[in-house]
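Under the heading domain 'Major facilitator superfamily (MFS) profile', TrEMBL lists 25-473. Feature annotation from TrEMBL assigns transmembrane segment to 21-40, 79-101, 113-129, 135-156, 168-190, 196-220, 282-306, 318-340, 383-407, 419-443, 449-470.
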Amino acid sequence: MANHIVASSSGGDFPAKLTKQVVLCSLIAAFGGLMFGYDIGISGGVTSMDDFLLKFFPSVYEKKHRAKENNYCKYDNQLLQLFTSSLYLAAVVCSWAAAFCCKRFGRKRTMQMAAAFFLVGVILNAASMNLYMLIAGRICLGAGIGFGNQAVPLFISEIAPAKYRGGLNVCFQMLITIGILIANVVNYFTSKIHPYGWRISLGGAGFPAIFLGLGSLLIVETPTSLIERGKTEEGLKALKTTRGVEDVQKEYEEIVRATETAKNVKHPFRNLIMKRSSWPQLFCGTILQVFQQFTGINVIMFYAPVLFQTMGLGADASLLSAVVTGSINSVSTLVAVFGVDKFGRRKLLIQAAVQMLISQVFVGAILTQHLKTTNAIPMPYAYLTVFLICVFVMGFAWSWGPLGWLIPSEIFPLETRPAGFFFAVSTNMICTFIIAQAFLTMLCQMRSGIFFFFAAWIVVMGSFAVFLLPETKGVPIDEMNERVWKKHWFWHRFFNPQDDDQQPAKC
Ligand code: BGC
C-alpha cells in the first residue's frame, strides 16, 4: 500500500497511515497555540499604547513622555510588568490542575476547559474598568493557557503516528506564531483607534478560544487516554480510525501494557521525583523549557515595540517592525514542520543555537556602541538591529521554539507523562514570568549587556544539545525508555540493569 506508513519499534512495527482525521484533530487542537500566541503578541503592543497607559499606568505614561528620559529605563515599572507576567503565574498553578484533569477526564475535556477559562479572561480584559479587573482577566487567561498548553501537545503526540509526530506537534508552535503575528497586526491598527483601541486588541483573544472550544467538539479523544481510563473498546476503535488500518493489535497491546504499568503508579508526581529512572526525562524535559525562555525570545515577542521605540524608531515603525519579526517567526516555523521528522531534533537545535548566538552578540555590540542614555540610534544601525533580530527569530522558530514543546511531550513513559509534562509546562511559565517581569528592569540596569547575558545562555544550551540530549525522531512514544534512554551514553546509568531486557550501549 503506497501510503502505508510503518513506524518501526523494538517490539515490532506499528502500521499506520497519516489519516485525515489525525491531521484535522491535530490542527483543531493546535488552536490552543493560537490562544497562547495571540496573548504573547498582544501584550507588548498594548503596553506601548498611550490610551492604555493613561488609563491604567499614568506614571508610566508620564515617564514615557518626559523629555530626555533615559533610553533604557522609560518603561521600567513593576506594575506594568505585572500586567504582562501575572498570566504566567496563574498558568503555572493551573497547569498542575490540568495535569490531573488530563489523566482523569482526558485530553479533549481539558482542552474544552482551557477554552472556557480563556473566554472569561477575554471578557474581563476587554471590559476592564480598573487595574483589578485587568489583572483578574489576565489570571483567567493564564488558567486557559495552563490548561491548553498542558493538554494540546500531549494530545497531538499521542494521536499522531510516530513517523509524523514531530511535524504534527510543531503545528502547535505554528499556531503560536500565527497568533503572535495576528496580534501584532491587530495592534498596528487598533493603536490608531482612540481611546479604546486596546479594548479591541484584548477582546480579539476571544476568537481563538471560540475556535478551540467549538473545534474540540469535533475531535476524538486519544486512544491512549481512552484505554488509560478503562474505555478499552472505544480505545481500540479510536486506534483503528486514527491509524487508518485494521491491523493495530501490536500497538494496542503496547498501549495496554503501558497503561497497566501506569495503573500501578499511584503517585506519578512522587514517582517522577523519587524514582531514579525518571530523572533523565524530568531533567531534559524541564531544562529544555528553561533554555527555550533564556534564548531571550520573549524579550522580542513581548517587548519588540518597546524595544524598537527604545532604539529611536517611531511608534508606527516599531509596531511595523514587530509585524515583520512576527511574519518571519511564522514562516520559519514551516522549516520545523517539514524538517523535524527528517533531520531530527538535535540537528535543528544545534544549528539554530549557532545562528542565534551570532545575532545576539551583534545586537549587543551595536547597541553598546550606538545607543547611549539619551540619544537616538543612527537609522542604519536601527535597521541593522531589526535585521539581526529577524535572523535570531528565524533560528528560534525552527528549533528551540517548537522543540521546547515537542520533546517534553514525547519523552515520558505513560505513567508519568501528564505529570512530567506538567513540570515542563510550568517551568516554561515560570521562566516566561521571570523574563516578562524582569526584562524592563534588566534593560534599565544592564542596558545593552542584556544581549550578552542571553548569548551566554545560548552557549550553554547549544552544548547541552550536543552532549546530553538524545535523538527521539521516529521512536514510538511508548518505547522511549527502551529505545532512547536506556541506550544513551550518559542517561543509561539511571536505569537499573536488572530491569533491562536490553544492554545499554557503552559509548
Ligand atoms: C514559546 C513562547 C514564545 C513563542 C515565540 C513559544 O514556543 O513558548 O514563549 O513567545 O514560542 O514564537
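Numbering starts at 1 and runs along the chain as displayed.
Each residue, glycine too, has its Cβ placed from N, Cα and C.
Nonlocal intrachain contacts for the transmembrane segment (196-220), taken as residues 6+ away from its ends with a CB within less than 8 angstroms of a stretch CB, comprise 21, 24-25, 28-29, 31-32, 34-35, 38-39, 42, 45-46, 49, 51-52, 108, 111-112, 114-116, 118-119, 121-123, 125-128, 137, 141, 144, 148, 159, 179, 182-183, 186-187, 189-190, 238, 241-242.
The stretch in closest packing with the transmembrane segment (449-470), judged by the count of Cβ pairs under 8 Å and taken from 21-40, 282-306, 383-407, is 282-306.
When each of the listed stretches 21-40, 282-306, 419-443 is scored by C-beta pairs under 8 angstroms to the transmembrane segment (383-407), 282-306 comes out highest. Outside the transmembrane segment (113-129) by six or more residues, the chain places 32, 35, 56, 94, 98, 101, 136-148, 151, 199-200, 202-203, 205-206, 208-210, 212-213, 216 with a CB less than 8 A from a CB of the stretch. Contact between the transmembrane segment (419-443) and the transmembrane segment (21-40) does not hold: fewer than three of their C-beta pairs are under 8 Å, each pair 6 or more apart in sequence. The stretches the transmembrane segment (21-40) and the transmembrane segment (318-340) do not meet in space: the count of Cβ pairs below 8 angstroms, excluding pairs fewer than 6 apart in sequence, stays at fewer than three.
Ranked by number of Cβ pairs under 8 Å to the transmembrane segment (282-306), the listed stretches 79-101, 135-156, 168-190, 318-340 are led by 318-340. Tertiary proximity for the transmembrane segment (135-156) is limited to same-chain residues at least six positions away from its ends with a CB under 8 Å from its CB atoms, namely 25-26, 29-30, 32-33, 35-36, 39, 82-83, 86-95, 97-99, 101-102, 107-108, 110-111, 113-126, 128, 165, 168-169, 171-172, 202, 205, 209, 212, 222, 405-406, 408-409, 417-418, 421-422, 425, 428-429. Within the model, the domain 'Major facilitator superfamily (MFS) profile' (25-473) carries an average pLDDT of 91.
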